[in-house]
Amino acid sequence: MKIAILSRDGTLYSCKRLREAAIQRGHLVEILDPLSCYMNINPAASSIHYKGRKLPHFDAVIPRIGTAITFYGTAALRQFEMLGSYPLNESVAIARARDKLRSMQLLARQGIDLPVTGIAHSPDDTSDLIDMVGGAPLVVKLVEGTQGIGVVLAETRQAAESVIDAFRGLNAHILVQEYIKEAQGCDIRCLVVGDEVVAAIERRAKEGDFRSNLHRGGVASVARITPQEREIAIKAARTMALDVAGVDILRANRGPLVMEVNASPGLEGIEKTTGIDIAGKMIRWIERHATTEYCLKTGG
């Protein structure tokens, strides 16, 4: 099987592991920078070119598309899809998951529990927005933020008003969310492949912080998840129509709450913590689904 990995940096852990896992199972792998792909959109002879050459047909494409290049990255992936390549996460699903507001709306519609959340663009009535989510303490986020950037814990009403007013000056979309104190700076990252949670870790924030992101200095350990948490993680990934997803869950007194569904979850922290060959599981999923029938069905 010929597999393309779409990534701006092939030296990253996740890309290297996926490449190794694919090669170990006898596949040919090429890492392509999606921003260097350019496309001929033609009803008679569509194609993708890369650094001066027309690309051959790939049986499957693994998107490792960063948030900053979502628009062009998903456009390139969509072109591969139109040419009959099987995508490990479809372009439309990635775009859906990257839209935090749309994601939360879809999860809520499916009855998946979330922290109480409000969203606004430059709200005129900051006080009412704070009341809407139950008052302080609360978390204020920029909708476009990633890896804990643009996330502030406001412990008092006055602090919340100050943060919201400051964000309002950025002319940005603001997300205001209840603070789950009982989570104590921890969350659970469930790695879903298909209809299975293949690994789970607990991420604990570093001292003095409440953001558990490993990129922000959080510490990971193996997590034992409940059947309810497993079911919610799988349901959240299905709601986003993602074959591979990192589902972040907070353990609240009222039950597990989904914080986020990540369409391009990093493998380093969770593989090194659990010792599970997640990259291999992803390749085996591709082997089961990147079939000749799929290629014919999609016109490749």
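Cβ from N, Cα, C; glycine included.
Keep in mind it's a predicted model, so treat the numbers as computed, not measured.
Within the model, the domain 'ATP-grasp' (104-287) carries an average pLDDT of 88. The domain 'ATP-grasp' annotation in Swiss-Prot covers 104-287.
K141 (ATP binding site) is surrounded by 22 other CB atoms, counting those within 10 A of its CB over all protein chains shown. What Swiss-Prot lists as ATP binding site is K141, E178, Y179, D187, R211, S212, N213, and the listing cites sequence analysis.
Other Cβ atoms within 10 Å of the Cβ of D248 (Mg(2+) 1 binding site), summed over all protein chains shown, number 21. Swiss-Prot lists D248, E260 with the feature Mg(2+) 1 binding site, giving sequence analysis as the kind of evidence.
Per Swiss-Prot, the feature Mn(2+) 1 binding site maps to D248, E260; the stated evidence is sequence analysis. In the three-state DSSP assignment, the secondary structure recorded for D248 (Mg(2+) 1 binding site) is strand.
Cβ environment of E260 (Mg(2+) 1 binding site): K100, S103, V247, D248 lie under 8 Å away, each six or more residues apart in the same chain. According to Swiss-Prot, the Mn(2+) 2 binding site annotation covers E260, N262.
In the three-state DSSP reading, E260 (Mg(2+) 1 binding site) counts as strand. Per Swiss-Prot, the feature Mg(2+) 2 binding site maps to E260, N262.
Within the set of binding-site residues (E178, D187), the lowest number of other Cβ atoms found within 10 Å of a Cβ is recorded at E178. In this structure, the CA atom of K141 (ATP binding site) is 16 Å away from the CA atom of N262 (Mn(2+) 2 binding site).
N262 (Mn(2+) 2 binding site) sits 20 Å from E178 (ATP binding site), taking the Cα positions as reference.
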